[in-house]
């Protein structure tokens, strides 16, 4: 089957992408690692010994970065609907985050340990129809914020991929009510044509 012009363009962009080449060189599973590395360099959200939850973790780029920083004394619970090759000392839960049973398994894995940081690079399978994609993306964001509200310790932080569009302003407002400080980040490694941004909320206010 002949490749479409769109897929040919994607393949060329992918293999010409300096971040793809860097990931191969540095041993990271995806170019997404550099988004978290950039945010870490600017904001220092990861520290040794932390307990972290990584949502939308596959193929494991963010989990690799996180695991390297938090070290042996840290604790990382990762989840994705897709399979993920194991990473030492990472607890992985495979399943659809929108299903109550999977949500419950994540909560069970966390247990009574207060969480220092929740990170999420989740996105739905995009159809290209913005009117359909945006609500699905925002629904995942809302579920992630709900989880963060349940498990974060007072003073904990939250980082999530989010797309500008319907529901964004209300979500931003909700995050400001739950955290002391909310900022937006657009890493250089995020493709220019992408609408994705990262919302960084710091200082969870707790109950």
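The backbone N, Cα and C atoms fix where each Cβ goes, glycine too.
Per Swiss-Prot, the candidate among 43, 72, 116, 121 that belongs to the S-adenosyl-L-methionine site alongside 60, 62, 80, 96 is 121. DSSP classifies residue 62 (S-adenosyl-L-methionine binding site) as helix under the three-state reduction. Less than 8 angstroms from the CB of residue 80 (S-adenosyl-L-methionine binding site) sit 55, 56, 57, 58, 92, 94, 97, each of them six or more residues away in the same chain. Each of the binding-site residues 96, 121 was scored by the other Cβ atoms within 10 Å of its Cβ; the lowest score goes to 96. DSSP classifies residue 80 (S-adenosyl-L-methionine binding site) as strand under the three-state reduction.
Most Cβ neighbours within 10 Å, among the recorded positions 60, 62, 161: 62 holds that distinction in the structure as shown.
If you compare every pair of Cα atoms in 60, 62, 80, 96, 121, the residues listed for S-adenosyl-L-methionine, the longest distance is 18 angstrom.
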